[in-house]
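Shown next, in structure tokens, is the structure this report addresses.
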Amino acid sequence: MSSSRPVFRSRWLPYLLVAPQLVITVIFFIWPAGEALWYSLQSVDPFGFSSQFVGLENFVALFHDSYYLDAFWTTIKFSALVTFSGLLVSLFFAALVDYVVRGSRFYQTLMLLPYAVAPAVAAVLWIFLFNPGRGLITHFLGEFGYDWNHAQNSGQAMFLVVFASVWKQISYNFLFFFAALQSIPRSLVEAAAIDGAGPIRRFFRLSLPLIAPVSFFLLVVNLVYAFFDTFPVIDAATAGGPVQATTTLIYKIYREGFTGLDLSASAAQSVVLMFLVIILTVVQFRYVESKVRYQ
């Protein structure tokens, strides 16, 4: 079997086609990452006019800071809850739509609506519903004797930001899961049904293994989403409180850099977060992807 390769009339045309993407990558990704790495090794004054090379002192100070370590473990817990809860809920809804015959179009449209809402707006929406004094959901919980006040209860605050973050990401996950389920040949599903496999068994024995590559892709995407893109939700919903119970690494970087004007500490934290995400992604590609290959 021979494979054909595209032939360009000019030897410079391939480089010209790739150049815009390379420029965007360098300007918006590589350059800022390099700047963060450089500032993490400096002691910079709040106005950025002068700096002094201090080596790894900023990193040493980080890991002796109890507030930073608390934010680190809060980030791990928050990211795990957002990632796995979002994937499970989205997969459940996608599986339901895959089996629904009547009204499936309306159901699909309804599931895609949260993706059109900005993260900060999603947070404000759920703040209204969970408002301790006038919220519809808190009023319902009060009827059962449950007192809700996420401004004073750290567990409730964590639940609120996780819930809002998952709700915002459901549409994205749902779209990929539903497309993956729809791509499974109907002949395989019908053959399994003829062999006596029920809907639940067909899903776990047939559908789930076949959509494993998509599940792995969404695992990586949701992990990055939980680490970085949930900042507007946390900022609008709890501002990292109460008592830093919902302060993640990305929010602490913002607070140190833009509120505390400690550019060196903020840069060091961003470098640690960057390498943490890189390590987790590499581990996933190395050990998880090998388990999603199928013939």
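Each Cβ is built from the backbone N, Cα and C atoms, and glycine gets one as well.
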Please check, using only what Swiss-Prot records about topology, whether R105 lies on the same side of the membrane as A191.
yes
Using DSSP, what's the helix, strand and coil tally for the topological domain 'Cytoplasmic' (179-207)?
22 helix, 0 strand, 7 coil
When secondary structure is assigned with DSSP, how many helix, strand and coil residues does the topological domain 'Periplasmic' (229-262) contain?
19 helix, 0 strand, 15 coil
